[in-house]
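Database features (TrEMBL):
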- 53-83: domain '4Fe-4S ferredoxin-type' (DOMAIN)
- 1-36: signal peptide (SIGNAL)
- 381-404: transmembrane segment (TRANSMEM)
- 424-444: transmembrane segment (TRANSMEM)
- 456-475: transmembrane segment (TRANSMEM)
- 487-511: transmembrane segment (TRANSMEM)
Amino acid sequence: MSASTAVRGKRISRRRFLGGLGIAGTALALPAGARADVPAMPGASSGKTPTVYATLYDLDRCVGCGACVEACHERNGARYPEPIKPFPDLVPAGTKNEDWSDRRDVDDRLTPYNWLYIQSATVDTPEGPRELHLPRRCLHCANPPCANLCPWGSARRETSGAVSIEASTCLGGAKCRTVCPWHIPQRQSGVGLYLDLMPRFAGNGVMYKCDRCADITARGGIPACIEACPYDVQTIGPRDAIIAEAKRLAAERGWHLYGLDDNGGTNTIYLSPVPFGLLDAAIPKGPGRPHLAPVADAMRDETRLAAVAATAPLAGFGAAMLRVAADIREAAHSDAPGAHSSHAMGKPGRAATHRLSAPTPIDTITPHAFLPPATSRAVRAIWLACAIVLGFTGLMQMPIAARYGMTALPGLAWTGDFHVTHRMHYVFAALLLGLGGWLLGRALRQRAFPALTREGWLRLGLVAGLTGTGVLRVLKNLPDVSFSPLLTLWIDLAHLGLAVALGAVALVFAFTGRTAWTRPRPPAGRPPA
């Protein structure tokens, strides 16, 4: 039944907000037949430790009346987008606007004007056909990819566990929808910041979705959908308590859970008497109509990718240091009895160590003393390849490949796959960091750092800035690590700005013939040229 036929009958009992959102002494309210003695999460009432809340949907209780949908509309109507028309003509031609402003009454899917809807399905069971109704909205993931990967910090995870989108900074690039396993966020064109920046070339509106009434819950209130439900379909409380109760009820009734482990765990858990595989097969799916299939953790690789990036410079440094050990063995072998006299040191190993530890006299360093010609060419090739791939994959993550038709070119369909370009970015960043570690190790081994040109110092500074902001971006993607939206925005803008600056500088130097990073060191006592 749709929201337009919502029943506004007398409530059986108003679902209380479990744990009181910081109000001391609020009891845990549960549906009939459930325990009422689930303890509040430690710190829930102290005000010192933010409490993460989750909701439990008992699908056996939902009759599909749509009261929750109507309450959501009433509560959030003032926040719905009011687009400016006509929309800008987007570049390239053929790029489509997404406009729901003339279809605001659509209530059988998620839209920018409908953040919650009822999905109904009839499932054949051994007891006969059974009709179930599922309120569908954002699941508010415990480690949300939309918030972690939003390039502008517009999507964020609240301390309460809800995930919200800040409309004032959203450009409508829809990366959040791309990386969401259920593709929950929906876009409305003709609104937002992009209209003030590059309305034809970048951005396409603002993304909208349920934020679990974050502004109300921050003040200790109850989400509108929960308060309006006449059948107590939803239970909300500290996440640990909700998970414990969901598991208990599922085990006690022999029922099934969804959202507990999906995408690494969410703050919305469904309890169903019917297996979710059957429900998923029965419900309509498509744009704005999320599935119920099992979902792997979309952020599962972030920790491993971060570990690769962190160990890469150490590996490069270690590789350079291994050469020291090889040199010691070679020198010791050359000093062995029968090779040549070692009376000056008394022992071959000591003579070898003395030669290896002695710094190279500065007046003997040639232009290629730090790197032999062949090695220098290889290093430059690796640097150039990494810089090009990092710039390209970083740009593809915006995302713009599909908009500008790149995915339609032969062999370039992968450019529209965020996860592919994201992993490539990490891999080549790790390779570049490994190269930096190797160069540092070689310099320490030779006790002679190369003399940088002014152009080299400038590029090194830009690379260092990119590395620093990149490290912060990596940290932001890790579980339980979050920055404020403003800090995230500045980090991303700084990273993007430094990348653009480095590319521009490299092009200028290439056209003016100033590509050298280093210069020969002058002989001792002679001033530099």
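A Cβ is built for glycine as well, from the same backbone N, Cα and C atoms used for every other residue.
Each residue of the domain '4Fe-4S ferredoxin-type' (53-83) gets a DSSP state, and the totals for helix, strand and coil are 13 helix, 6 strand, 12 coil. Contact counts against the transmembrane segment (424-444), taken as Cβ pairs under 8 Å, peak for 381-404 among the stretches 381-404, 456-475, 487-511. Counting residues 6+ beyond its ends, the transmembrane segment (456-475) has Cβ neighbours under 8 Å at 302, 305-306, 309, 429, 433, 481, 483, 491-492, 494-495, 498-499, 501-502, 505-506, 509, 516-518 in the same chain.
For the transmembrane segment (381-404), same-chain residues at least 6 beyond its ends with a Cβ under 8 Å from one of its own Cβ atoms are 92, 95, 151, 173-175, 178, 202, 412, 415-416, 418, 421-422, 424-425, 428-429, 431-432, 435, 496, 499, 502-503, 506.
Each residue in the domain '4Fe-4S ferredoxin-type' (53-83) has a pLDDT score, and their mean in this model is 97.
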